[in-house]
Each structure stands twice: as C-alpha cells, then as structure tokens.
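Have a look at the structure below before the remarks.
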C-alpha cells in the first residue's frame, strides 16, 4: 500500500543432497567412513605422506584424516584395559591389600588424589572448546544455553554411541580388512525401526560390548565391597556406566515410537519369527537369524592367519572371569589348587552335554512323542535341582555361588563361540 504496488518478489528453488537423519542411517554412514579410514591407515599413501611432512603438517594431516577414528579406538581400548586391570586387582586380592595398607598407614590424601581423576573423566570437559567457540561468536550466555539445550536433546548419548560405531568398524577393518559400501538411502525417516533391524545392525558393535562392560562393572562391584568406599567406586566408574548404558539404550531412545506398546508387541512377534526361521540358500539375513549369523562372520573367511591369531588372542579375555571367580566360591573355600579350575571346566562340559541332550531330544521326540519329551525335560530338571541341593548340604554350595558361576560361565561360553567361529573358516 505504501509502496503503491511496486513490490519486487523473487522466487528461489534450491536443490541439495539428502542428509542422513535417522540413527540407523547415520550409523551405516559412519561405519562406511570408518572402514575407509581404516583402509587408508594401512595404505602406502599415508605412510609416505607421514614421512615427508614436517611435524606440524603431519599433526594437521593426522587429525583431519585417520586421527579422529584412531583416537576413538584408543579411547575404547583404554576403557577395556582399565576395567580388566581393576578386575585383576580385585580378584587377585591386591586391591584388598592396598585398601588395608591405606587404612593402616592413613593414606587418605592418596585416595583423594585417585578419586579426583574422575573429574577429568567428565565428558562435559570435552565440550569446553565448543562452548568457548560459541561464546566468542555469540556471547557466553548463549553458549551456555546452547550447551544445556544439547544435553537436554541427549547429544552426549548420541556422540557416545557414535564413538562406539567408529571404534568397532575401524578396529575390525584394520584387523581383517573387508571394507564395503553400505547404502543408507537418505530418505525421510519417520518410520519405526524394528528390534530385529536394530539387533542386526548393533549386536556386535554395541550390544555385546555394552553387556561386557556391565558384566565387568558388576563383578568389580561385587568383590570390592567391604573394603572400598562406594563413593570412590561411583566416581571412578560412572563414566563407564554411562557409556555402557548408552550403547545398549540409544537405538531405542532415538527410534520413533520406540516405547509404544503396540510397536513393542509387533517387534516381539517379528523377533520370534526371525529367530526361529532357518537359513539357507537364497534366504536373506533380514529373514533368518542363521543367515545373518553367517553373513556376520564373512570378514573372517578372507582374513589372514595372523589376523585370526590376534582375534583368538583378544577372545581369551572372556576366560579371565572363570579363572578368577572359581577361587572365590564358598564351595571351593580357601583351596587355590589348579584342580579347582579344572573342575570348573568339567561343569562347563556337563552343561554343554545337558544342552545337547535337550536338543537331540527335541529333534527326535518333540513331534511324535511330545509327552515323552516333556517327561525327559522334567527328569533332567529334577536331576539338576537334586544335584544343587546335594551340593548345598554336602559341600556348602550357596546361592551366591550360583550367581558367581553364572557370571563366570557365561563369558566362557561366549569366548568358546568366538574362538570356534575364527577357527571354522580354516
């Protein structure tokens, strides 16, 4: 009106490349890039460039290419080394001896100094450079607002989960090779991802590692009680608890309708169908657990003998639980003889025989002789209960021993599976 109808109107049309917005899409993209950086790490090009750059350009080249992924791998490995070191100290009795000496010599300042390291582990400190950068551009108040908003939007959960993706695929490709293209789709993600899809994508990279870290923390907590302060334990391990829970729960937190009851029931039905479907020629991994399992070991079929040796060496960590925990059972008393460890392997062998017997019985009896199969399972169950009751009266087997045996034998079983799947392609 004031311009007398003389108004300039410009219309724009902008076309851009699609962005990955779903967690599964982002994880596939990061896995693909981590595989590529892993192949670059072991290439001649990186070797030659590293030898011909000066020191400062070499650092710049490192942190703008493979360094980010290598640092993620080192961070995860450091956490594993720390927890397995704590596990060794607490199961060997050194942790108790140190705590007793600390109380006798009144080394309270040493405990305070060791506990203060937890503040350095604060993930918030890693975001300090970002806060400073935003403060320089928009002011300190806006920087603090953005930082708090990021935490409310679970940015720490997302980036912790993302670091696990980078570390897993970068480390596996360095050890075995096998980088491949992973299509992401780049479509608008407003649909619900089933639990089967999340399990196939994150089982090896996040779920198993998260359970392993929780198992380490639980065993450490069980055997440090009585001589170590709970506050010290929380300050030292809270960051590891956060990382392990993030690796387990992030796919469900960032999944649309992830906690809707109807979707949960549909996911459960789809999961049961996927688990019980047998694999074979022409059956894709999204249709059968067996096909997915074989495809998941594809990188081992073309791996070198040295890589397989290192894979077996890494799998031996699962046998540490059994070797350390069997000597802390009430039924073993103060006996430190090697026979106790051998007897634990006898128990594992009996468990395998029991599982195999149930499997054979299901194959031959469950269809035509269903009642006989039920009676067979009931007989085995009663026999196991009778053995446990007898051992509790004769050898002082306690409920705590049963819990400790579960914590010891489950990692051992998984370690045997890891070794078997490495040896199988041979």
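Keep in mind that glycine also has a Cβ here, set from the backbone N, Cα and C atoms.
Among the features that TrEMBL reports, domain 'Glycosyl transferase 48' is placed at 4-306. On the 0 to 100 pLDDT scale, the model's mean across the domain 'Glycosyl transferase 48' (4-306) is 81.
Per TrEMBL, the feature transmembrane segment maps to 61-83 (among others).
Look at TrEMBL and you will find 230-254 (among others) tagged as transmembrane segment.
Per TrEMBL, the feature transmembrane segment maps to 305-326 (among others).
Taken from TrEMBL, the feature transmembrane segment applies to 338-355 (among others).
As annotated by TrEMBL, transmembrane segment applies to 375-395 (among others).
Residues annotated as transmembrane segment in TrEMBL: 402-423 (among others). Sequence-remote contacts of a segment are chain residues at least 6 beyond its ends whose Cβ falls under 8 Å from one of its Cβ atoms, and for the transmembrane segment (402-423) they are 212, 215, 218-219, 222, 297, 300, 308, 311-312, 315-319, 321-322, 325-326, 328-329, 344, 347-348, 351, 388.
For the transmembrane segment (338-355), the list of distant contacts is 322-323, 326-327, 332, 380, 384, 405, 408-409, 412-413: same-chain residues at least six beyond its ends, Cβ to Cβ under 8 Å. The list of residues near the transmembrane segment (375-395) in space but at least 6 beyond its ends in sequence, with Cβ under 8 angstroms from a Cβ of it, reads 331, 354, 357-358, 361, 365, 402.
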